[in-house]
Amino acid sequence: MSDKFTVKYVEEKIRHMTPDDAVQYIEDLRQNGNMRLEKLLIKYLRKKEAHEKELDRLRKMRAYEDEAASRGFKLVAGIDEAGRGPLAGPVVAAAVILPENAMIEGINDSKQVSAAKRDALFDIIKEKAVCYGIGIADEKCIDEINILNATKKAMGLAVEALKPAPDFLLIDAVELKADGMGMRALIKGDCLSMSIAAASILAKVTRDRIIDGMDRDYPQYGFSKHKGYGTREHIEAIKKFGICPIHRISFTKNFVG
């Protein structure tokens, strides 16, 4: 058996193993006299180190959930929103209750994750969550009650959609009325709490998909590119075509006559 074939065979064998199991498998082969796997071992030792760092990061992201659990709370929900700043479209909030000790690799603030990774995490979060809820406040609601109150409304709707209901809320930056529930608002909570990070991803992906649908109805604005945010391209389109039904009048009045 050639060296190349041996390495290829081993790589295929360990492809679906955890980094820890892969390193152990290679070490066992080397101890049995196969010394041709040094580069492969180094590669998987690096993967193992990266995996251990990721698990450590995730454990730290569970600190606020674990603290709430230590105080007797059983169902801790993370809450976040997407779309407070855009000139068009809704603000979308999500609430997520994750199982105790859940570890979702790659999870982070949605702004720190690529679109492809967000889509993958979106499905994983929905699959692993005890439950999740989505709340939406559209552009008319934003114009009527302002963006902060619309954000709180969307968050409230997301919490109301949770079955079972939470007994503790971890919220990114915003404080809500939480009758009968514990609550903690965290600045940059989507980087600090796994539950809030999960909510940020559900909210972001849900909103992006809504906006992509609106792009098909109003292609002249380029919504699928900027998701309604105030890019130069978007502002120029507003000046050229005026606003459309999904624009926030209170956000765009400086760009239209």
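Here the Cβ of each residue, glycine as well, is placed from N, Cα and C on the backbone.
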Listed co-binder of divalent metal cation (same site as ASP80, GLU81, source TrEMBL) among ASP172, ASP179, ASP208: ASP172
Of 34-61, 230-257, the range TrEMBL labels coiled coil: 34-61
Where GLU81 (divalent metal cation binding site) falls in three-state DSSP terms: strand
Count of other CB atoms lying within 10 Å of the CB belonging to ASP80 (divalent metal cation binding site): 31
Same chain, 6+ residues apart, C-beta under 8 Å of the C-beta of ASP172 (divalent metal cation binding site), given in sequence order: ILE79, ASP80, GLU81, ALA185, LEU186, LYS188, GLY189, ASP190, ILE196, ALA199, SER200
Overall pLDDT of the coiled coil (34-61), taken as the mean: 85
Cβ-Cβ neighbours of GLU81 (divalent metal cation binding site) (radius 10 Å): 28
